[in-house]
Amino acid sequence: MKNLKSLFETQKTSFFNFLFSLLTFSIISNFVISSPAEAFPIFAQQNYANPREATGRIVCANCHLAQKPVELEVPQAVLPDTVFEAVIKIPYDQQVKQVLGNGKQGDLNVGMVLILPEGFELAPADRIPEEIKKKVGDLFYEPYSPEQKNMLVVGPVPGKKYSEMVVPILSPDPATNKNVSYLKYPIYLGGNRGRGQVYPDGSKSNNTVYNSAVTGKILEITPASKKGGYNITIETADGPTVEKIPPGPQLLVSVGQTVVPDQPLTSNPNVGGFGQKDGEIVLQNPARIQGLLVFFATVLVAQVLLVLKKKQFEKVQLAEMNF
């Protein structure tokens with residue numbers, strides 16, 4: 001009887017161990033599988049050590065080829081060790097749809113990279129005022145890398161909800177950080193809406209126009225797969241060649257038509273784009289403000305005393321005239 005009980009306990013333990021292992025594997029698998037999709041708009045972190053090139057261009061422009069506007073609002077000046085907000089606006093027509101990776105239509109996402117001066121960084125949660133917390137909402141900003149805390153990225157996030165973002169920033173204190181001075185500093189913003197046209201490896205996405213690479217006559221156009229797309233067979237002087245079109249772009253050509261190099265075979269489905277904006281901010285010394293206030297107060301007192309002295313002088317003159 002004891003042996004049977006021991007065997008039952010062993011099997012019971014093995015079963016729960018197996019169940020726990022299966023559950024753990026499932027969680028890890030979901031995390032690993034979903035991570036690449038979530039990381040797509042921040043490919044720059046994986047491929048570039050610095051998001052801003054020597055020419056001043058932000059590397060997001062290498063994949064997002066269309067130009068669109070962005071807006072950046074920051075205070076003119078801030079005091080040291082102070083939390084302030086930067087407002088980022090990525091405007092676009094929220095009625096339009098973009099081509100998704102599977103060729104279907106969907107809403108646009110937005111993302112951005114904010115390059116702050118050295119010493120400036122994302123404000124700690126316990127330093128952010130409640131008013132700014134409400135404006136930030138559920139957005140999660142992260143440093144571009146562990147060594148570059150002054151560079152912040154976010155995305156992809158739904159454009160309809162986050163076309164305007166508020167970033168809480170903590171200014172440095174030159175008294176504790178000797179690498180920072182009371183100066184005017186530049187701020188750089190890069191923001192995009194929608195998917196890119198080129199992947200980091202140089203291959204095209206399905207969110208761009210496809211052109212003919214050869215001169216010839218289109219012999220046939222066949223479906224590429226059940227998911228969509230086309231295979232366009234073109235007869236050239238060197239024999240037939242096939243242009244592969246992924247799901248998404250709409251065909252502009254037909255069988256029997258003659259094409260030449262760089263002629264569009266499809267429409268350009270891209271409705272998004274990338275934009276850059278520069279700003280400036282002054283790290284202000286409190287002593288300068290105090291000195292300026294003292295100067296203004298001194299001038300004010302001096303003017304009052306002069307007025308009083310003038311009144312007194314006029315009274316003396318009037319008394320002498322009457323005498």
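Yeah, the Cβs are placed from backbone N, Cα and C, and that goes for glycine too.
Features of the protein shown, as given by TrEMBL:
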type	residues	note
BINDING	Phe40, Cys60, Cys63, His64	heme binding site
DOMAIN	40-194	domain 'Cytochrome f large'
TRANSMEM	289-308	transmembrane segment
For the binding-site residues Cys60, Cys63, the one whose C-beta sees the most other C-beta atoms within 10 angstroms: Cys60
Within the predicted model, mean pLDDT of the domain 'Cytochrome f large' (40-194): 93
Tell me, how many other CB atoms lie within 10 A of the CB of His64 (heme binding site), whichever protein chain they belong to? 26
